[in-house]
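Asker: Straight out of TrEMBL:
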BINDING   A:61, A:64, A:65, A:119, A:154, A:202, A:207, A:218, A:219, A:220  Mo-molybdopterin binding site
DOMAIN    A:81-235  domain 'Oxidoreductase molybdopterin-binding'
């Protein structure tokens, strides 16, 4: 594929090569991926991109299908059945159908992507995802020329997802992207974390990750992908259109009506962790700003 | 009034100071938990929320004292000042955590108070509580006189529901918890109005 995005953030970027190797030798028994996570906390690179720990990433989640508390998903998500799992791909595609997860994964090669994650609630993490570019899957099913948007839907199974028994949002959770956003090489479907399978609370077995948008755009536990001509409905936008736009690009200059988006707190800094400035497009402006050329991002937030 | 008499008689032997001691205990406990990882990986927001909620609970309990006495005859009036002050203590710490740990910047504080309605409302609620805390002593009551003192302390009927509105405004999605608090507080206030009318009618 032409113009494929190259991940400039490698595991060895997280810490100096020497320290990385030293620790590698010292802790040879520990898995290399877990190791680099530990090393990462000890010494971040100039970007400050040290991944959050496994515990931080898996115990502090917004996944309202399992409750609104940050640790609710960690407590409750274990009940969700993720095997068997299939994704129904339809709409304006050449080869619609219900694709088994194993079938989807057989056609792609998984890679590591160390991404910033910025929640709309003004906290952030750095997550070492494992996944593949959404474009690979979309190209495989054949996107028809009339398609302009991609709609996504989360599993709806109230008997396993206690939050879906309360009207917190209009279930099932739905999200959407413009086709060019979906085809962008930064946009991935993730199936893992730290080299392991995704835990349920992080959106197992397959979830979207769009690192330049607020976290709620990165829909979890996806069961349906539909190519459409019109802009699809998205859950938070439907709930409060003045607070959550369809685009929801990370933007320090456009505040949420109820709180500032100018700064964020990195999870994991403890009780005295300062706020740090939020970056335009969550630090991915170089890669994605072109998608929005000529758009008034204050109106189309 | 069958049970109220013995209960009130028993309560007369219970001193007030344990309400202060037990009531203020959650705060150091929350700080300890926050510092040692017991409040999860984002301790600042968690600490802020716990302190605010505990304060709201004590203030709501203070609002329940009069309706409880009118409806059942059980009088907790001796403990009401302690309930109010313990509530204020937690709210003041909630504010300190927001200033010193959450925002850590005066320009941000000012911008938030002016720009964000839920912060504005929370701040107003806190400022309404300050004169009540300052005039909570026996000496202040004597100096103001009971009529003026009581009139001033009616501010609590405004401050507490504003606190609950502040809570309801900061959640995402349709979440019942803050609305339950707001409903309970409004019910306690409505009860007070109704009971007062009934008394006037008699």
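Each residue, glycine too, has its Cβ placed from N, Cα and C.
Could you place these features in context, so I can see how deep they sit and what lies close by?
Answerer: Of all Cβ atoms in the shown protein chains, 22 besides its own fall within 10 Å of the Cβ of residue A:207 (Mo-molybdopterin binding site).
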Asker: Below 8 Å Cβ to Cβ and six or more residues apart, same chain only. Which residues does that give for residue A:154 (Mo-molybdopterin binding site)?
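Answerer: For residue A:154 (Mo-molybdopterin binding site), the qualifying residues are A:65, A:172, A:173, A:174, A:219, A:220, A:221, A:222, A:223.
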Asker: Provide the three-state secondary structure of residue A:154 (Mo-molybdopterin binding site) computed with DSSP.
Answerer: strand
Asker: Could you tell me the mean pLDDT over the domain 'Oxidoreductase molybdopterin-binding' (A:81-235), as a whole number?
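Answerer: PLDDT averaged over the stretch: 97.
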Asker: Among all chains shown, work out which of the binding-site residues A:61, A:65, A:219 has the most CB atoms within 10 A of its CB.
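Answerer: Checking each of A:61, A:65, A:219, the winner is A:65.
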Asker: Which secondary structure state does DSSP assign to residue A:65 (Mo-molybdopterin binding site), in the simple three-class scheme?
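Answerer: DSSP call for residue A:65 (Mo-molybdopterin binding site): helix.
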